[in-house]
């Protein structure tokens, strides 16, 4: 593999995944990953542009930012690209009224959306909300529609909480796709539109940007397909087998965000 | 399409799906489909061999037969091919100890199976048992295994109860497949091994046998791929679009089991 200097040359902007990179969720809100609070602070003091790009769909942006600030991170709502607000934009543009299968914590993001007489379904990481009854209701709504439209806020397979691995929205998206014989529209990583928004909001071109995430497919593969570079951290949901993934090869693997920031501050934007 | 006489020539044995063909499940056990009780009785009085071939995995065979008998059907346990007993055979042959994600109603079928320190997962139509917590537990067991093995008792998309369409085990199988990056082994229709067992137990070759079911993929497509003929009934989960399915074309579509039996008694075994 080329030297870090070569791999990171010309990077001007950094997109940071949140869960598994900044912190691991769990009891009492979760815990910051060692070194990440300082790493974010150093990055923000540098000449590099920084933006947070998350598939978090259990919490509203306000709640997520509140949690991160309590853990010591310097982050504000305006710096976060998240799927629920992106979905609301799409729903409004297309005049769609969703049936929501989402966590109560994110419901407030949809306050301005008409959910009467639904003509589509939106699913997000609903956690315990993914009961048989709720899944069956979403399924029945889709089967009643002439042209069933399903939006999924991300399609992650699982994430890591302090207590262990937890199923994410992706498996439930696959379940509804199979049940109804349809394909969902993904809002969030690895959708190209989502990376496009985050880069526009950061004001950096894809070839000048790098994604740092713990998900080899959603973060690394998605960013690379959009023309960005991407590093995988060995925290969060990272598993050793990720470094031999059959389809995706990161531009680099680092132990954690702190190491990624060390390398970026040494080699980027040169 | 050829005349019925041609399509049914040489049929000596009939495999009957149960749910959606004999009865629709639901409140209080469900309800017999009009004409089906008499149709089964007429078939059993004929020279044709008859066997029941079900993917029912919420109930033990004993409970299913008890329910059918209360609805008026002439059926005994020995006449039913069902996935739970087939799965137990496979588990014993391969020395596997399952973590069970199944409905309480079918748990007794696994009484003789060692479930300590599990080295595989078996899922069946668990209904309300498909909670987030139970799905996550099955997922975690699979992720702990070096070679994760997942058995799914059938892979139906949905079935019809008297109250409406209900998600079957298939969507949950897809969810775990995606979450773990694996492929499940299906025990039940449309697995060729399952049709093979049912035909052996009936003592009829595939080319002499016909399947009657309400599932265009699991019943009709599966039976045809195994070299049988197959009729789809317009009861149970049947939907008009099934008659224009992109991949599967039944050897005939009939309004219900009663019509299928009329045609068989008129044209089969000639």
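Including glycine, each Cβ sits where the backbone N, Cα and C put it.
Summary of the site annotation: Swiss-Prot records substrate binding at A:17, A:18, A:19, A:54, A:55. Screening the candidates A:174, A:189, A:196, A:237 against this entry identifies A:189 as the one listed for that site. The record gives A:17, A:18, A:19, A:54, A:55, A:189 for substrate. Within 8 Å of the mean position of their Cβ atoms, the other Cβ atoms in that chain belong to A:20, A:21, A:52, A:53, A:56, A:154, A:213, A:215, A:218, A:219. Over all protein chains present, the Cβ of residue A:54 (substrate binding site) has 24 other Cβ atoms lying within 10 Å. Counting only same-chain residues at least 6 apart in sequence, those with a Cβ under 8 Å from the Cβ of residue A:214 (Mg(2+) binding site) are A:17, A:19, A:20, A:21, A:160, A:232, A:233, A:235, A:236, A:237, A:238.
Within 10 Å of the C-beta atom of residue A:18 (substrate binding site) sit 25 other C-beta atoms, taking all shown protein chains into account. Take the CB of residue A:55 (substrate binding site) and look out to 10 A: across all protein chains shown you find 32 other CB atoms. Its Cβ placed at the centre, residue A:189 (substrate binding site) has 30 other Cβ atoms within 10 Å.
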